[in-house]
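Here Swiss-Prot flags Arg269, Glu298 as active site, drawing on similarity to another entry. Positions annotated as active site, proton donor by Swiss-Prot: His318. If you look up Swiss-Prot, you'll see Ser103, 183-188, Asp207, 240-246, 267-269, Asp293, 318-321 marked as NAD(+) binding site. Per Swiss-Prot, compositional bias 'Polar residues' is recorded for 415-426. Summarising the annotation, Swiss-Prot assigns compositional bias 'Basic and acidic residues' to 427-437. Taken from Swiss-Prot, the feature region 'Disordered' covers 410-437.
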Amino acid sequence: MDKHKVKRQRLDRICDGIRPPILNGPMPVRPLVALLDGRDCTIEMPILKDVATVAFCDAQSTQEIHEKVLSEAVGALMYHTITLSREDLEKFKALRIIIKIGSGYDNIDIKSAAELGIAVCNIPSASVEETADSTLCHILNLYRRVTWLHQAMREGNRPASVEQIREVAGGAARIRGETLGIIGLGRIGQAVALRAKAFNFTVIFYDPYLADGVERSLGLQRMATLQELLMHSDCITLHCNLNEHNHHLINDFTIKQMRQGCFLVNTARGGLVDEKALAQALKDGRIRGAALDVHESEPFSFSQGPLKDAPNLICTPHTAWYSEHASIEAREEAAKEIRRAIAGPIPDSLRNCVNKDYLLAAVQWSGMEQAAVHPELNGASSYRFPPGVVGVTSAGHPSAIEGLVASSHPLIPSVSHTPSPGQTTKPDPDREIPTDQ
């Protein structure tokens, strides 16, 4: 028998054996797909309207999601502003597929999802150009101190002499000949490397999962260990997904391995950096300056936390990924992945299933019934409302978004809500970072 067919049948048994199949019948019986942490479904609706009912929840936690969605939704779209732990996932009774709009998925317990029969997908191509551009902006800002010079001008400090210029612009440095160290050479890491070379950086990288030879094709130098990269870099930029192996990758110990006066940039995941250790290093001058787009606790505030008094620090609110074009592109791809899931089978029909291996390991085959299962994803709970975009109100009634669905229910105005990027962790050309440092 074809080994690929056997493998697909095994995955079908996992998904269909743990949870019932999705019913995709004629109106009004259509599967329910819910946008968990947003309200704007105007991009997703044209792609899904003929196969599903699309609801929005605008929730920041599962406690804010109505029971109707928890009990009937078979598909979920989500950004980075909500977290799904095992406890959260267990509240969904019919869920079969989760799409993270963006590449990072550390806010989802993908192993527990697999054990519950839920496939998790991401959009690994989302916002690569935007994140790389933002990373270079942060790097240039640290070297040329644009933020601090602008702030001085706003405060009325207009230098009139060379001595005053030296005082205000102190710390500005020449880029040519500096060494940029990249941790994680996936899509975004490579895009950053190519941009940095144009600014005459010498670019080195550390990525234990990258195939040999990529460095030669890109004209980069590969470091064998993380310590070697830290010791040779004048500026370090992180492009790693967050997992149990690299949490607080930048900590007191690794900071002491860096060059004195090194710069640090993080546009990947906040948990990669121990902010307490970073704050102390900035105060001591061991790290000359840092630029963070992501933080351990978000939304970030300068008024609290270990970084509140740290000098030479630039912070932006997890927006390095954003452009209108990138947002639309990611949302379209997420909706198409949901559509593929409805057509089935799961997970073979999916392009970017990040917990496929966990799905395969979720069930002991010796104890499973060997009867054939339906190969298509035609099933889970049906939704009694007709296809369209609905918002589930506090009373549990569906409400249409104006201009999308004809309805006698009160209209809820749509508010734009956009996705978050990140990086993937699969050990293949599509993954964004080393999963084990």
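A Cβ is built for glycine as well, from the same backbone N, Cα and C atoms used for every other residue.
Structural mapping of features recorded in Swiss-Prot.
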| residue | record | DSSP class |
| --- | --- | --- |
| Ser103 | NAD(+) binding site | coil |
| Leu185 | NAD(+) binding site | coil |
| Asn241 | NAD(+) binding site | coil |
| Thr267 | NAD(+) binding site | coil |
| Glu298 | active site | coil |
| His318 | active site, proton donor | coil |
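Glu298 (active site) and Asn241 (NAD(+) binding site) are 16 Å apart (CA-CA, integer value). Scoring each of the active-site residues (Arg269, His318) by how many neighbouring Cβ atoms lie within 10 Å, the top position goes to Arg269. Ranked by Cα separation from Glu244 (NAD(+) binding site), the active-site residues Arg269, Glu298, His318 are led by Arg269. Take the Cα of Leu185 (NAD(+) binding site) and measure to each of the active-site residues Arg269, Glu298, His318: the nearest one is Arg269. Least packed by the Cβ count within 10 Å, out of the binding-site residues Ser103, Asn241, Thr267, is Asn241.
The binding-site residues Glu244, Asp293 differ in how many other CB atoms lie within 10 Å of their CB, and the one with the most is Asp293. Every protein chain considered, the tally of other Cβ atoms within 10 Å of the Cβ of Ala320 (NAD(+) binding site) stands at 26.
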